Every structure is written in structure tokens, then in C-alpha cells.
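According to Swiss-Prot, the protein has these features:
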- 48: L-glutamate binding site (BINDING)
- 82, 83, 110, 160, 183, 206, 248, 249: pyridoxal 5'-phosphate binding site (BINDING)
- 207: N6-(pyridoxal phosphate)lysine (MOD_RES)
């Protein structure tokens with residue numbers, strides 16, 4: 001059945017919503033009309049009923065298992081995309097509003113937007129701002145300028161648009177007394193992480209953890225007790241925690257899909273095995289690009305190249321060839337490789353569901369395109 005489906009499914013390298021594992025789609029299809037024999041679709045069950053209570057609790061349990069999340073943390077499932085938390089986090093953590101300072105590490109479009117949105121709720125200090133360098137690299141942490149009185153520090157672990165991924169050691173370079181907030185939207189569940197190094201992690205699900213419309217939050221319980229009480233319910237972290245994210249109707253189907261994906265990751269051997277595959281895919285593609293005699297070029301500092309989002313140009317920005325590349329790739333069932341409108345060029349997203357074989361199909365196409373367009 002899976003093989004037959006793969007005959008008509010394209011190689012989707014889109015940045016998000018990203019590719020979903022075929023096994024997950026088939027499981028959702030199988031249960032769509034009659035979830036666990038209850039006579040209703042998962043989309044129809046009450047969020048307060050026993051069926052969905054089982055779904056949300058199992059999803060939380062499996063996420064804790066995969067990331068070794070201790071009982072010092074709670075997991076929230078919030079409606080909407082991760083960018084909603086660019087407002088939601090300072091609303092919860094800045095009790096004095098715009099008088100409170102928040103440190104932002106600006107390494108790409110999403111951390112830039114977080115700092116821009118943050119100014120409505122706090123005083124923004126840009127610890128480092130890499131826009132002058134066109135978001136091609138990140139300066140060494142020793143040069144970062146933190147505020148002594150900052151409420152928290154915010155950074156984006158993987159910049160989807162610019163193809164920048166921060167090193168695993170980044171939290172070790174942040175002041176120990178600062179609350180550490182990390183946007184992991186586009187590399188969440190792509191590798192093991194030490195959750196204990198963070199106070200709050202958040203991620204939109206539509207890359208590696210599900211479908212669009214839900215944001216996952218991992219937050220220290222001690223931090224929950226410090227949140228402002230006068231925050232609207234939809235953003236009130238403490239209220240969400242106290243009600244198991246069920247104080248109003250959550251995106252039930254989205255949580256269900258996240259649950260299926262977590263089971264898929266567990267069946268694949270967990271995050272260590274997933275990381276090995278992601279390293280292999282990224283290495284193969286970057287190595288090919290770097291050895292193409294500059295026909296393809298990735299200008300991102302090699303120390304910060306994203307495993308998830310590979311951005312590159314053809315002949316230093318030959319837009320005519322890039323459009324031709326996209327058009328011809330589509331004929332070979334290779335889709336969603338156009339760069340973000342703000343930067344142009346090409347972008348290949350190698351999320352968990354993308355296989356090594358699919359990556360090699362892309363590289364083979366790139367080789368043929370190069371040979372035919374020298």
C-alpha cells in the first residue's frame with residue numbers, strides 16, 4: 001500500500017507545512033471515520049471526552065519520553081502558529097510591560113520578527129543583530145552584549161528562511177541567571193536536546209511535529225508560577241497548564257497528528273536515530289553543492305549551516321536559471337524548492353519525513369541540470 005502511494009506522491013521539500021511521513025497519513029486515513037471504534041471521527045470527538053483525553057495524555061507522555069522531559073516541566077498545546085508567542089511570551093513574563101528589558105539574539109527573519117513584535121510588550125535589547133551581515137553568519141558569543149536586568153533572553157535555534165542553525169552549545173553561552181527562551185519551530189524533534197538547559201521551548205508543529213495550527217510549549221513549572229495573572233486566556237500559560245490545555249477547545253485533530261508522528265519517531269528508534277539520518281541528508285546535499293564548481297553556491301557560514309533548511313543560489317543568483325531549475329524539477333516530481341520571497345534563490349527543507357533516497361533523487365536532478373546548463 002505504501003509503495004503504491006509513493007508512486008503518485010511528489011518529493012515535497014517545502015519549508016512548511018512540511019512533508020508528513022506516509023505511515024502517519026495512512027494511519028490517520030484508517031482512523032478518520034471511526035476513531036478507535038467509537039463510531040466517530042477524531043475530528044468529532046469531544047475535547048473533554050475519554051477518547052481525546054487519552055490522545056492528549058499519550059501525546060504528552062511520548063513527548064516526555066523522546067526528549068527526557070522531567071516532571072519539572074509542563075507541556076502545553078496552544079492554538080495558532082509559533083509567531084503568536086512573539087507576543088504571548090512577553091505578555092506572560094514581563095510583569096512591568098514595556099519597562100521590562102528582554103534580550104534578543106537576532107540571527108534571521110524569525111528572531112527579527114520576535115524582537116519587532118516584542119517592542120509592544122517590553123523594552124527590546126538586541127544582544128547581537130546579524131542583519132548587517134545579511135544573516136549569513138553569527139558572531140562569537142563572547143561579543144554578545146546582554147542586559148544585566150533582562151527578564152529573559154530569546155533566540156531562534158533554526159532560522160527557516162535564511163538557513164542558519166545555532167550550535168547545540170548555544171545555551172551554555174547564555175548568562176546562567178537569565179531565563180532562557182528558545183524558538184525551535186523548524187528543528188524541533190530533529191535531534192536530541194537537553195531540555196534542562198532551557199526555561200521555555202516553543203515550536204510550531206508544521207515542520208517535524210505535525211500540521212499547521214498548533215504550537216507546542218515546554219515550560220518550567222517554576223516559571224509558570226511567575227507569569228502575570230492578567231493575561232488573556234488564549235495566551236495564559238498558567239491557565240493552560242492548570243487545565244491540561246483544555247480550558248477551551250484545542251486543535252484536537254492537530255494534537256492527534258502530533259501524537260501519531262511521535263509514535264513514528266519512537267518506531268524509528270528515537271531522536272538519536274533521526275539525527276543520524278538528518279546529518280546524512282544534509283551532508284550529502286551540502287557536499288554536492290560545495291563541489292559543484294560554484295554552479296550551486298551556499299553562502300552560509302559552514303559553522304551555522306542548517307540541517308533542516310538548505311538555502312543556495314545558482315551562479316551567484318542567476319534568476320533565469322533558478323526559475324528554470326524550479327520548473328524542470330517540478331516535472332521530475334521535486335516540488336516546493338523556491339526560496340522565501342524575502343531572500344529569493346532556492347531552499348530545500350530536509351525535515352524528518354524526507355528520506356535519504358529522496359535527497360539522492362534531488363542531487364541526481366541537480367547533477368543533470370548542472371550538466372545541461374553549463
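Just so you know, the numbers here start at 1 and follow the chain as drawn.
Here the Cβ of each residue, glycine as well, is placed from N, Cα and C on the backbone.
Known features from Swiss-Prot, placed on the structure.
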{"residue": "48", "record": "L-glutamate binding site", "DSSP class": "coil"}
{"residue": "82", "record": "pyridoxal 5'-phosphate binding site", "DSSP class": "helix"}
{"residue": "110", "record": "pyridoxal 5'-phosphate binding site", "DSSP class": "helix"}
{"residue": "160", "record": "pyridoxal 5'-phosphate binding site", "DSSP class": "coil"}
{"residue": "183", "record": "pyridoxal 5'-phosphate binding site", "DSSP class": "strand"}
{"residue": "206", "record": "pyridoxal 5'-phosphate binding site", "DSSP class": "coil"}
{"residue": "248", "record": "pyridoxal 5'-phosphate binding site", "DSSP class": "coil"}
Of the recorded positions listed (48, 207), the greatest number of other CB atoms within 10 A surrounds the CB of 207
Given the recorded positions 83, 160, 207, 249, which lie within 10 A of the residue listed as 'L-glutamate binding site' by CA-CA distance?
249
One should report the C-alpha separation between residue 82 (pyridoxal 5'-phosphate binding site) and residue 207 (N6-(pyridoxal phosphate)lysine), rounded to whole angstrom, as 11
In whole Å, how far does the CA atom of the residue listed as 'N6-(pyridoxal phosphate)lysine' lie from that of residue 160 (pyridoxal 5'-phosphate binding site)?
10
Its Cβ having more other Cβ atoms within 10 Å than any other among the binding-site residues 83, 160, 248, 249, the winner is 160
Residue 110 (pyridoxal 5'-phosphate binding site): tally of other CB atoms within 10 A of its CB
23
What count of other C-beta atoms do you get within 10 angstroms of the C-beta of residue 183 (pyridoxal 5'-phosphate binding site), across all chains shown?
27
